[in-house]
Amino acid sequence: MIEELLQSSPGWANFGIFFLLGAVLLLIVLGFVTYGILAERKVLGYMQLRHGPNQVGGKWGLLQTVADVLKLLLKEDIIPKAADKPLFIIAPAIAFAPSFMVLATMPFTDKFQFADIGVGLLYYIAVSGLTVFGMVLGGWASNNKYALLGGMRAAAQMISYEIPLVMSVLGVILLTGSLNLNEIVTHQEHGWFILLQPIGFIVFFIASIAELNRTPFDLPESENELVAGYHVEYSGFRWAFFMLAEYVYLFAMSALITVVFLGGWLAPFGFLDFIPGAVWFALKFSVVVFIYIWLRATLPRFRADRLMEFGWKVLLPIALANIFLTALLKSLFF
Amino acid sequence: MLGFAKGLKYTLKNLTREKVTYDYPNKPLPLPDRFRGIQKFYPEKCIVCNQCANICPTDCIQLTGKKHPDPAKKGKIIDTYDINFEICILCDLCTEVCPTEAIIMTNNFELAEYSRDMLFKNLEWLDENDENIRQVNKA
């Protein structure tokens, strides 16, 4: 269906349909963000021997995030006097837009996908790299030293960890011979890439945590050192956008890991094919999100100097070695 | 690496362990019997000896007595008894010194009010404050 729409001649009807589809996806993502935040707080609470939100919306606190967002939208919109106003206003949008754009190529199931482009993986990594501009701009435009420090840390971290992220996924690309996410999924019919590329998966996973700015790599935000990092001066709606970008990336990155390493919508065994692909995708996706939350509850924050050393001196050589190993294995056995 | 795995195992186990939090505003906090909370006053036991007002380090107790209505009996009975909880530090000295245990501690501690005047508790209020009273007193 999407394929036909992409081929059809442009017009208002076409625009309307795409706009509607985009709005539907946005609503799905917002639903995930709402309950992803609640799930994170609940799981963190249970791991810290407390209950987490349990007041708003019944015993499970189901409306807690909704209430939080409503409060944020009602807050006064504060722009510091000395801030660079246009940049300050545009920074949250720059941070958020790429996080939603990357979802366009994500094959949720074999039918539910928006753009089946040939270089889907490259597109994802290239576009997700844009978010760091929003963070640096936000930090700089705030005219606050802590925000600037946070922004600088974000830039340094995102750039250094993007390299092992790309390098580790090269092994998968070598084995598939394609950058198309659909082909990567269909190539995993006889074995997920997590089994064929265990080293690549571990490196990718660590680098992805750093890309998501989550504990133990949450240095750009580090609420107890930098008073929140690049978004100290932000409040209300604009702050909500930074938060939203962070959780939409969690969605996108978990989906990407599911697609690239866990076989996407495919069932783990042939005889389980009767369960629809969407269920398998949702299951794998939830497991990945849970592992992110689990790691957040377990690990303390990295030190800033160790972070750089770990990225450049440990992850990058391992990722490079993984490429050579994969190339060697591919030329010998496949 | 081993420590990392241990940490992961520990947090995973914590998921199902019993929670340490209290459901406080809905259920009262479990407090030990010797907790020092808002006093309970028994007007009939009081002999108006003034010891509580004298020992009070913040001078928050004010009391007046009157003659016993039965002329055959000696001594006084209590007329007014006020504790100012703006300055009371709940030090337990008044209940310690009271020879007849006319004033004792309870486990009630909620003293948040909308106005400062409401923190001025009189004899009737202290008499009605008869929940969660301390079980073990010296007399």
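Heads up, the Cβ atoms here are built off N, Cα and C, so glycines get one too.
What TrEMBL says about this one:
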- A:12-38: transmembrane segment (TRANSMEM)
- A:87-109: transmembrane segment (TRANSMEM)
- A:121-140: transmembrane segment (TRANSMEM)
- A:161-179: transmembrane segment (TRANSMEM)
- A:191-210: transmembrane segment (TRANSMEM)
- A:247-268: transmembrane segment (TRANSMEM)
- A:274-294: transmembrane segment (TRANSMEM)
- A:314-333: transmembrane segment (TRANSMEM)
* Hey, does the transmembrane segment (A:274-294) touch the transmembrane segment (A:87-109), meaning at least 3 C-beta pairs closer than 8 angstroms, sequence gap 6 or more? -> yes
* Would you kindly list the residues that approach the transmembrane segment (A:121-140) from elsewhere in its chain, counting only those six or more residues past its ends and only Cβ-Cβ distances under 8 Å? => 84, 87-88, 90-99, 101-102, 105-106, 147-152, 154-155, 158-159, 162, 165-166, 169, 173, 179-181, 184, 211, 220, 229-231, 234, 242, 245, 249, 252, 256, 260
* To do: Could you tell me what the rest of the chain brings near the transmembrane segment (A:161-179), counting residues at least six beyond its ends with Cβ under 8 Å?
  => 118-122, 125, 129, 187, 193, 196-197, 199-201, 203-204, 206-208, 210-211, 217, 260-261, 311, 315-316, 318-320, 322-323, 325-327, 330, 334
* Asked: Who are the long-range neighbours of the transmembrane segment (A:274-294) in its own chain, taking Cβ under 8 Å and residues 6 or more past its ends?
  -> 36, 39-40, 43-44, 47, 108-110, 112, 209, 212, 214, 250, 254-255, 257-258, 262-268
* To do: Could you give the residue numbers and ranges of same-chain residues that sit at least 6 residues beyond the transmembrane segment (A:12-38) on either side and whose C-beta is under 8 angstroms from one of its C-beta atoms?
  => 5, 53, 61-62, 64-66, 68-69, 100, 103, 114, 244, 247-248, 250-251, 289
